[in-house]
Amino acid sequence: MPGAVGERQGWWLAAACALVFVVDLLMVATSTGLARWDAPVLEWMVAHRTSGLTDWWHAVTTVFGPVVLPVVVGVGCVLWWLLSRSVRRPVLLAVAMACEAVASLLLKAVIDRPRPPDVAQVVPGAVVTHSFPSGHTMGTAALTFGLLVLLAEPCRGRAWWWTGSLLAGAVTTLVALSRLYLGYHYLTDVVAGFAGGLVVVGLLAVVAARTRPPTLPPPTLP
């Protein structure tokens with residue numbers, strides 16, 4: 001998918017990932033499919049904790065959490081605006097991240113899934129919101145893949161796309177693993193968070209395509 005992401009591609013991404021989110025939620029509601037792995041994965045993570053790994057995963061989850069990440073995004077968007085002297089893409093990213101945060105909180109409140117039991121959590125009671133979807137995973141997916149979409153507006157080749165996609169996917173997966181390891185989420189929570197973040201990215205791509213300045217044709221020689 002070289003070059004800028006088009007409006008149609010954005011709609012397809014949003015629709016496909018929304019479907020994944022809904023299917024994941026249905027599996028949780030019926031305790032089928034992937035939901036059957038929630039308890040075994042959580043138990044495995046708890047059984048393999050060490051003090052060094054716990055410190056590492058806690059650092060990862062803090063950087064991409066609701067306190068640090070908004071500051072990083074805010075400062076980054078301001079610097080992007082000042083360096084590029086263009087406000088459009090920094091504002092699009094900031095608005096997308098704000099919408100993602102609101103959507104995550106609303107989904108948690110409506111779905112109302114309890115967190116894993118306190119005995120599984122590294123710090124029992126450290127989180128007070130509900131479990132589904134994982135807000136950390138959703139925010140990281142929205143940020144990393146959203147940046148990929150916006151930075152691709154200048155023409156990019158396939159190698160750039162593959163590298164960027166793998167990097168964004170790796171960072172998001174890392175954050176998802178941190179939430180599982182620390183015992184704050186189930187497997188289906190982080191899957192839903194990943195899918196939900198990509199829904200935001202798809203909608204961001206649609207808005208970006210609609211607001212993209214027209215490309216001027218190259219001058220013709222007389």
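Along the chain as shown, the residues are counted starting at 1.
Note: Cβ is positioned from N, Cα and C throughout, glycine not excepted.
The structure displayed is predicted, hence computed values, not measured ones.
As recorded in TrEMBL:
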TRANSMEM  12-36  transmembrane segment
TRANSMEM  56-83  transmembrane segment
DOMAIN    88-205  domain 'Phosphatidic acid phosphatase type 2/haloperoxidase'
TRANSMEM  90-111  transmembrane segment
TRANSMEM  131-152  transmembrane segment
TRANSMEM  159-184  transmembrane segment
TRANSMEM  190-209  transmembrane segment
Secondary structure content of the domain 'Phosphatidic acid phosphatase type 2/haloperoxidase' (88-205), with strand meaning DSSP E or B: 87 helix, 0 strand, 31 coil
For the transmembrane segment (131-152), sequence-distant contacts whose Cβ falls under 8 Å of one of its Cβ atoms, 6 or more beyond its ends: 3-5, 10, 21, 25, 28, 61, 64-66, 69, 73, 89, 92-93, 96-97, 100-101, 103-105, 107-108, 111, 113-116, 160-161, 164-165, 167-169, 171-172, 175-176, 178-179, 184-186, 188-190, 192-198, 200-201, 204-205, 208
Leading contact stretch, 56-83, 90-111, 159-184, 190-209 vs the transmembrane segment (12-36) - CB distance under 8 Å: 190-209
Cβ-Cβ under 8 Å with the transmembrane segment (190-209): same-chain residues at least 6 beyond its ends: 4-7, 9-15, 17-18, 20-21, 24-25, 34, 89, 92-93, 96, 99-100, 103-104, 107, 132-143, 145-146, 149-150, 153, 172, 176, 179-180
Per-region confidence, the domain 'Phosphatidic acid phosphatase type 2/haloperoxidase' (88-205) (mean pLDDT, whole number): 91
